[in-house]
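Engineer: Here's a structure for you.
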Amino acid sequence: MTDLVEWLATQTDDRELAGAILSMAAAGVEIGAVLREAPIAGQTGLAGSDNVQGEAQKALDVISNDIVLNHLRKNPAISILVSEELDEAVDLSIQGRFNIATDPLDGSSNLDVNVTVGTIFSVLDAAGGLLQKGTAQLAAGYVAYGPATSLVLRVMGDTSVFTLDAGGRWVQTVVAAKVPEASGEFAINTARERFWDAATTGYVKESVAGETGPAGKRYNMRWVGSMVADIHRILMRGGIFLYPLDSETVSKGGRLRLLYEANPMAWLVEGAGGKSTTGRKGILDVEPTGIHQRVPVILGSAEEVRRVEAWYARA
């Protein structure tokens, strides 16, 4: 079976780009090992600090961030790191060719109940600066720490999936992930319904109306509360993920961060034949204005995303 190093050789001739990806993959292996022992080590609680977004940090948020930082410091090809857990970008190597943006531990609020969490990352050409559109990404991926530890990765072609074996090797288990064109599942936090805009409300009501409703089929709702877990399910079997702009998040521009959550996930989903949007424009076409910028996020099966876009066009 093909391993990660072999696969990267087929995706890029740039050894330093491959090395940047391997640094993040190695960080994922180490984070996964820490997570396995975290309940025993008493590391699932709060760190006693907040990140730049004002969110309470878990101890493992800080530990995971340190692990990523340590791995990237060893790689002279990495110029700058942007992390959800750090207020400012970190300069790593003046000769570095790549910038990396990461959420070191997405879904950490689920740690104490042993739900899948993950590490999300995006790789950019350092020459373009930190604030580049998602279309400029050279690679993006995430590590999902679940029943199996999976690395989902896209360079320029298909989105592929690797599984960590007992020897610590990333083995390719899905050559080219394909998000089904249509689906009967949607992922949204329905507890926020009172804040939704008309387009989101319309899409969800249309979907839950079932076979006799406008959508003409039955839908199920899925919501883990860990973006990596929800997107991984959608990549494997289809569906749509929605964290739209609503009346509570409008002043911030949205809930999820563009550089290290929305852009890499949109890159992966679109590489698997899916579609992404803010509701008004493609996520990958959003011009960043800050390293922690937030945006609305809607992505998944193309037919479902088009239905949401149609609601926004009417709203």
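Note: Cβ is positioned from N, Cα and C throughout, glycine not excepted.
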Engineer: Please state which member of E211, E248, E261 TrEMBL lists alongside D103, D106 for binding Mg(2+) 2.
Structural biologist: E261
Engineer: Given TrEMBL annotates D103, L105 as Mg(2+) 1-binding, which of E30, E37, E84 belongs to that site as well?
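Structural biologist: Site partner of D103, L105 for Mg(2+) 1, according to TrEMBL: E84.
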Engineer: Of G107, S108, S109, N189, E261, which binding-site residues come within 10 Å of E84 (Mg(2+) 1 binding site), going by C-alpha to C-alpha distance?
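Structural biologist: Those close enough are E261.
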Engineer: Which of the binding-site residues D103, L105, G107, S109, N189 has its Cα nearest to the Cα of E261 (Mg(2+) 2 binding site)?
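Structural biologist: Of all the candidates listed, D103 is nearest in space.
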Engineer: Run through the domain 'Fructose-1-6-bisphosphatase class 1 C-terminal' (179-312) and tell me, per DSSP, how many residues are helix, strand and coil.
Structural biologist: 62 helix, 20 strand, 52 coil
Engineer: Inside 10 Å of the Cβ of E261 (Mg(2+) 2 binding site), count up the other Cβ atoms and send me the figure.
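Structural biologist: I get 26 for this one.
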Engineer: Give the sequence-ordered set of same-chain residues, not counting E84, D103, L105, with Cβ within 8 Å of the centre of the Cβ atoms defining the Mg(2+) 1 site.
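Structural biologist: Same chain, not in E84, D103, L105, Cβ within 8 Å: D61, S64, N65, S83, E85, T102, P104, D106, S108, T119, I120, Y260.
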Engineer: Cβ atoms within 10 Å, counted per site: which of S108, S109, N189 has the most, among these binding-site residues?
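Structural biologist: That would be S108, with the most Cβ atoms nearby.
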